[in-house]
Amino acid sequence: MEELIVELRLFLELLDHEYLTSTVREKKAVLTNILLRMQSSKGFEVKDHAQKAETNNLPAPPQMPLPEIPQPWLPPDSGPPPLPTSSLPEGYYEEAVPLSPGKAPEYITSNYDSEAMGSSYESYDEEEEDGKGKKTQHQCHHEEASMDLVKDAKICAFLLRKKRFGQWTKLLCVIKDTKLLCYKSSKDQQPQMELPLQGCSITYIPRDSKKKKHELKITQQGTDPLVLAVQSKEQAEQWLKVIKEAYSGCSGPVDPECSPPPSASVPVNKAELEKKLSSERPSSDGEGVVENGVTTCNGKEQAKRKKPSKSEAKGTVSKVTGKKITKIIGLGKKKPSTDEQTSSAEEDVPTCGYLNVLSNSRWRERWCRVKDSKLILHKDRADLKTHIVSIPLRGCEVIPGLDSKHPLTFRLLRNGQEVAVLEASSSEDMGRWIGILLAETGSSTDPGALHYDYIDVEMSANVIQTAKQTFCFMNRRAVSTSPYLGSLSNGYAHPSGTALHYDDVPCVNGSLKNKKPPASSNGLPVKGRAPSSQQKKVESAGGVKRTASNAEQYKYGKNRVEADAKRLQSKEEELLKRKEALRNRLAQLRKERKDLRAAIEVNAGRKTQVALEDKLKRLEEECKQREAERVSLELELTEVKESLKKALAGGVTLGLAIEPKSGTSSPQSPVFRHRTLENSPISSCDTSDAEGPLPVNSAAVLKKSQPSSSSSPCRGHVLQKAREWELKNGT
C-alpha cells in the first residue's frame, strides 16, 4: 500500500509538467486530495503501531525520519468559475494570454455593452483610454479551453473580426509558424480561415472619436482585407511584433516587394494618414493604399472620420447598417463613366473578358482587359474604378501550359520570372488571349511555334488559328486606322511583328525581278517610296517596327489588280499541273485495270485468279479516289478562275468593276492575261501618291470605267460533267 502511494505521488508530480485538459486537471486534483487524506490518516496510524510493537520486543534501532512530502499544487480555494447555465452574452470577450511551459492558459475576460457590439463600429467605450476599464484575469477550466488549438502557438486571443456589412464576430485567432488561424470556436478542430502571413501587409488603425475599436488590417494581394479588433494599443503592438517575427522566420526566398516593412509595426499617425489621402486618389471600399510599406486607410473611411457626427446615440447603429446596405445595392444601378466602359462591344476582337487567375496557390475569376499595353485585372466587371493589379506587357513572354489539370493555361514571363498565370474557359478564348498578348508584348513569335503540351492536336490547331487571326487583327488596328480593313480569311500573314494591313502587300518572291523603275515624262525615275520623314511618322504613329524582311512592300490600294492576279495566276497554274498529273495517273490506272480484266479472263479457274481479282479491287478503289480528287480539283479550279476574272475586273473587296486594259471582253487564257498585266501601266511597284498612275479605287477611274459585259464560265457545266462521269463509271 505504501509503495502504491509513493508511485501515485510521483505520477502526479510528473503530470504537473504536462499540458492537460480541464477534465484531466479536475481528476488530478481529486486524486491529489484523496492521496493527502490517506497519508494524513492511515499512514501515521500504521507508523505508530509498528513503533509500539518493536519497543515491546526489541530495543528500537535508530531510525531515519521520513522525508516530508512536498505538497503538490492545488487550485485556489475559490475554485474554478461555474459554467454558465445560459449562453454567453453577446458582449462576452476573452483574450488568451501567450502560453509558457507548465502553465495553464489564462484568458482576459471583459463584458461590454451587447447593444454596442451589434452591427457597427461603436463597441469599445471611452473608459479604456482613460484607464477606467478593468481587466479581470482568471484561469479557464471549462471545455472551451482546448489545448490542442493553442499548442505551439506564438500568440493567441479571442478577437473580433469585421464582417462585410460592418458587423463583428468573435473568433479565436492563433498564430502558428507563419500562418494566422481563425477558429469560430475553441471546440473546432479545423480553422474557419487560414491566412499565410508571407506577402501580407498589416496596419494598425488607432481608435478615435468615430472608431470605437483599435483595428488591425491585414491585406493580402488578390483577397479582401481582414480587419481584427484588439482591446488596446499595447495588444496591437504585441500582435504586430509577433507577426513581424513570424514573417521573418519564413524559410525560402522572400520577395522584397511583399515583405512587411519595419515601419508596419509602428502605428500610423492620423495627421500623416490625412496628408497622404489628400494627395492620393482613394481606392475602393475595403482596399488599402500601400505607400512605403505602410498601408493607409481608404478614402471613404477617412472621409467618414472627418465628417462630424450629428448624434452619438446607440440607436443609430441600425441606421448606419441600413445606409451601407442601400449603398451596396445601388452600386449596380450607377452608370459607368466613359473611362470605365470597356470597348468589347465596339471591337471585332474584344480585348477583355473573364479569366481564372492563379494567386497564392488559389484560382480566382477576374475580369481582365488590355489597355495601353497593360493587362489590368479587376475584381468584377462592374467595378472598373479600381484594379487588383496592372501588369505592363512590353517585354513579357507568353508561354502556354502549366499542368495536365489545367490544360488551357498560359503564363506571362518577364526575364524568366513568372508574372501571371491565366486560364481560359475554351480553346477559342485561349487563342484569342494568346494573340492579344503576343501583339501587345511586341513579340515576334509565331503562335504555331509555341509548345502546347497539355492539349490535343485538334484543340491546339484551333488555338493556333484563333491566335493568328487575333494577332493579325491587333497589328492591323495598331498600324492603320482605315475603316476598309481586309477580312481575316488569310489568317496569320506576318509573324515577324509587322501587320499585313490594307495597304501593305509583299512583292512576288520578295523583290521585283527583270523590271526597271518607271520613268516620268521628263525622263527622271519616279520615286518608289515616300520621303523618309513621312515614313518615320507613319511608323511612329502605328507603333510597329519595320524589319528587313518586309522592307520591300508597296501600297496595295494602287496595285490591287496586279497583286490579286499574280496570286491567283500562280494558284491556277499549280491546280492545272495537279489536274494534268491526275489525268495521267487516271489514264495509267484505266490501262492497268483493262489489262487485269483480260488476264483474269485468261486465267479463269487457276490459282492466280484470286490474286488478280484482289489487285483489280485495289485498282478500282484507287480509281474512285483519284476521280473524287479530280472532281474537287475541277471545282476549285473553277472558283480560282472566277476570282481571277473578278480581280482583273477591279477586285471584289472594294466592289469595283474595272475591265482589264486589253480591248477584248472574251475570256482570256492565263498566259494572255499575264502578258496583259505585264504591259499594263498598273503593273509597276510605284508607291508615289503624286507622280504615279491613278489608283484603281480613285473616283476618276470609277467615272470612266464601265461594268464588264463578259460572261463568266458556267460553273454548273463542270458540275454536270462531273456527275455524268460518276454515273458512267458507276454503271
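Along the chain as shown, the residues are counted starting at 1.
The backbone N, Cα and C atoms fix where each Cβ goes, glycine too.
Within 10 Å of the Cβ of MET1 (N-acetylmethionine) there are 9 other Cβ atoms, across all protein chains. Feature annotation from Swiss-Prot assigns N-acetylmethionine to MET1; the stated evidence is similarity to another entry.
Here Swiss-Prot flags 70-73 as motif 'SH3-binding', drawing on similarity to another entry.
Taken from Swiss-Prot, the feature motif 'SH2-binding 1' applies to 93-96. Across all of the motif 'SH2-binding 1' (93-96), the predicted model scores a mean pLDDT of 51.
Residues or ranges marked as domain 'PH 1' by Swiss-Prot: 152-248.
The phosphoserine feature in Swiss-Prot is assigned to SER283 (among others).
What Swiss-Prot records for SER284 (among others) is phosphoserine.
As annotated by Swiss-Prot, domain 'PH 2' applies to 348-442, with the evidence given as sequence analysis.
Under the heading motif 'SH2-binding 2', Swiss-Prot lists 452-457. Sequence-distant contacts of the motif 'SH2-binding 2' (452-457) (same chain, at least 6 residues past either end, Cβ-Cβ under 8 Å): 400-404, 406-409, 427, 463-464.
Taken from Swiss-Prot, the feature phosphoserine covers SER549 (among others), and the record attributes it to similarity to another entry.
For SER665 (among others), the entry in Swiss-Prot reads phosphoserine.
Residues annotated as phosphoserine in Swiss-Prot: SER666 (among others).
Annotated phosphoserine per Swiss-Prot: SER669 (among others), in sequence order, evidence recorded as a large-scale study or a structure entry.
The phosphothreonine annotation in Swiss-Prot covers THR676, and the record cites similarity to another entry as its basis.
The phosphoserine annotation in Swiss-Prot covers SER680 (among others) and is backed by similarity to another entry.
The phosphoserine feature in Swiss-Prot is assigned to SER688 (among others); the stated evidence is similarity to another entry.
Helix, strand and coil counts under DSSP for the domain 'PH 2' (348-442) come to 15 helix, 48 strand, 32 coil. Here the motif 'SH2-binding 2' (452-457) has, by DSSP, the following mix of helix, strand and coil residues: 1 helix, 0 strand, 5 coil. According to DSSP, MET1 (N-acetylmethionine) is assigned to coil rather than to any helix or strand.
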